[in-house]
Amino acid sequence: MSRSIVRQSKFRHVFGQMVKAEQAYDDIRVSKVTWDSSFCAVNPKFLAVIVESSGGGAFLVLPLSQTGRVDKNYPLVNGHSGPVLDIDWCPHDDNILASCSEDCTAMVWQIPDHTLTRPISDPVVVLEGHSKRVGIVTWHPTARNILLTAGSDNLIIIWNVGTGEPLISMDDHPDLIYSISWNRNGSLFCTTSKDRRLRVCDPRKREVVAERLAPHEGIRPMRAIFTRDGNIFTTGFTRMSQRELGLWDPTNFEEPIALLELDTSNGVLLPYYDADANMVYLCGKGDSSIRYFEITEEPPYVHYLNTFSTKEPQRGMGFMPKRGVDVTKCEIARLFKLLDKKCEPITMTVPRKSDLFQDDLYPDTAGPEPPMEPEEWLDGRDEDPILVSMREGYVPPKSRELKVAKKNVLDSRPTTRRSMSTLDTNSLPPQLLERLLEEIQNLKATVLSQEKRICDLENKLSQYTNGTD
């Protein structure tokens, strides 16, 4: 008597569940920009959503605990002069967020721990180097303060946020860049482009080290992400416009490790990868479902697990880092589904009867401490993320101020007005010159004292809201 063999996997019965209505975030005016980004970024402290705003670009930042209806006058982060296209939380500081916009700039923001009482319009640093809109922003996984941006000028720039300087610039892409993903230690990144090529780039050598033409034969946008073991997972379309996913070995791009057709929907599939479980969650824009797969070393390599469906289609999606999930409920992933006017968290859970900590579900995961400084990475050093235990759960640390020491920023920026240093001081009477310098010093002292006062008040407010005073 023959018996069918079922593949053994602890993730085979993972199920999705929508949170209760009062735990969602309501009355959010999600951006209507036609750009294939996720419009949402989340970490263990905050939820950030790109929203509609008049007179420029803005996004909303909410503490995770602030569920329910969002006040229509809730303060926004609104420093961009054009619509915001992408946002990304820093993996090494839960209070630092990067954004990019149609105004050709990227900006880095410090978000206070307490609930915002006034709009934030002054970024920590403005990164100006692109000549067209900037559509992708992503942090380096292991080096402190390293940020990558990509624009419609087909240029990739890697910045040291701590100095405001561009470190590396790459112009190897002849057409629009659709997606960028770092590998686990940040030594390489992969890109997909409108020219239908999948590329693997070494930024420190400033060269493309591997590429594949048309990993998916369709002309519609592709996405690619690095997996834990160095392979590349892709989503795209067949020549008949069927959605398709693939798994590739970048050292041998001739044949795919796996290639799987899905359906005929036309929404771009956004992949979200859990390195600890080696699982991929596929969220199509305009879909009402989330498919999830497990990647293994045995054929067929990409195993379909299940589909979580709801009634309403999603506008975007946020993916919580593993250190933000609830280990007491066997939650292995949490996604934040954007609808037209709300954001609904979805928990992915492995059914277990025991209330004890499940070691097999929660291996040590990437923590917030960066193993390298920018100079070390630039000099050729590679380090895997510093891992932390999930046994006691994760408690986000207090906010740390991001200090920016700009070097020669004025040399690379066009001067829009004449400063005192450019005036012909010999033409001024000595008394007038002395009076002007004295007035400048007094104004600087006044500004510094006001900034200190604002900082003291915000710290006091943070102490009250956190219950420490």
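From the backbone N, Cα and C atoms, a Cβ is placed for every residue, glycine too.
Residues or ranges marked as domain 'DUF1899' by TrEMBL: 4-68. Annotation comment: TrEMBL describes 77-119, 127-169, 170-211 as repeat 'WD'.
Per DSSP, the repeat 'WD' (127-169) is made up of 0 helix, 25 strand, 18 coil.
DSSP states for the repeat 'WD' (77-119), grouped as helix (H, G, I), strand (E, B) and coil, give 0 helix, 22 strand, 21 coil. In terms of DSSP helix, strand and coil, the repeat 'WD' (170-211) has 0 helix, 23 strand, 19 coil.
In the domain 'DUF1899' (4-68), the DSSP tally of helix, strand and coil residues is 3 helix, 24 strand, 38 coil.
For the domain 'DUF1899' (4-68), the mean pLDDT of the prediction comes to 91.
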